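What TrEMBL lists as transmembrane segment is 6-25, 32-50, 56-73, 85-111, 117-138, 159-177, 189-208, 220-237, 243-261, 273-291, 297-321, 333-356. As annotated by TrEMBL, domain 'RCK C-terminal' applies to 402-483.
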């Protein structure tokens, strides 16, 4: 009966979380905050009275869930959109973590009175923005942003968790019986990043090739294969001393920008898995918290959180994006959307595993910081975007009444392109596009309508074009469409 009761409680909490999701969206409350609160309410200090005090299990659950969320985020990231901001995102995602960690560490030591090791450990734990929180807020708040800022923020949040993990583990290793030398730490970090990057690229292409070459009898096995591959990439990279979080994100990025069998149905399935993982992860972390232990930390937590939001994060952004071409308003927006979420809470469970004195205080202080971030920043993103004058029409993901199955042996591909807002392609006839021979716009998704185009169909801003073209013509079509403003 104990197993059945536990299953009943878990499923009930998940159903409750999904049921209340619409209400949270209506009132502008980040869904991740809702999941955390439900977990807290069901925990030992809450109405549910569920006893859960296993930080090691919470860390394991959170790590696996974060791997799926990062993989899904990589799948949804379009290479053509992040390519213009690639180096800016990498610099922001890594230099930004180092600066945030250092500034918060110094503040914790010299202002809040923590010991140097604990102070810089706190800085490392909260140094990264959270992929789950950023992906969730940007994709559920229906807010578009100018100048590729969405791509920059998603790239940053998807790539900066690995360094925060390495910094946290490295600082904790200094407390062990055989602390490593600085040179050893630097080499370890370099190897983790190098192996994680290479593994992500290799595994991503391997999954892509495998999906197109293996002819499975049942379509439903393809998402199962991809889901198992995520765990394989994570575990294999961990075993070869690479960074598993970086590897799964890059593997998702590589796979998502290729054409593979049943791509759309697989993406929908994996998006559902990512949502399930977010709910389970935040419910688990919420259950681990004892709300009664937060009030004594309220004063310190408020000071720590506000300094992170209004001082440390802006310093990191302005330094990392120095001479990047972004103006002050754009840098301020990037600073504001530096949300903290599951990643810092998961990292705050690491000291528990090592038996560090004061680990409970660290965990609850970090948890409080995440609550402040989600409440303060997560609820105000659309308003801040509009206030800074950086809002733009949101590019909606198209939904089609059919699916084209791209197989490796096929001689054609089906490509998707969104007509940019402000582009000179808007107002042009389809027949005026100088596409390669045998290339055809098969469908236009406009608003919530599907249009079968003719040669005299006029393109409009925000149109999503489905283009069927022979293999080998993809680059030329991309060039024509991306240069449309200059060439048409």
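Positions of Cβ are set from backbone N, Cα and C atoms, glycine also.
Highlighted: of the candidate stretches 6-25, 56-73, 273-291, 273-291 has the greatest count of Cβ pairs under 8 Å to the transmembrane segment (32-50). Cβ atoms under 8 Å from those of the transmembrane segment (56-73) belong to residues 131-132, 135, 154, 157-158, 161, 227, 230-231, 233-234, 244-245, 248-249, 251-252, 270-271, 273-274, 277-278, 280-281, 284-285, 287-288, 342-343, 345-346, 349-350, 352-353 of the same chain, restricted to positions at least 6 beyond its ends. The recorded stretches the transmembrane segment (297-321) and the transmembrane segment (333-356) share 3+ CB pairs below 8 A when only pairs 6 or more apart in sequence are counted, and are therefore in contact.
In summary, the transmembrane segment (159-177) does not lie against the transmembrane segment (273-291): fewer than three C-beta pairs, each 6 or more positions apart in sequence, are under 8 Å.
Highest Cβ pair count under 8 Å relative to the transmembrane segment (333-356), across stretches 6-25, 85-111, 220-237, 273-291: 273-291. Counting only same-chain residues 6+ beyond the ends of the transmembrane segment (220-237), those with a CB under 8 A from a CB of the stretch are 64, 67-68, 71, 195-196, 199-200, 203, 207, 210-211, 214, 243-245, 247-248, 251, 255, 261-262, 265-266, 269-270, 273.
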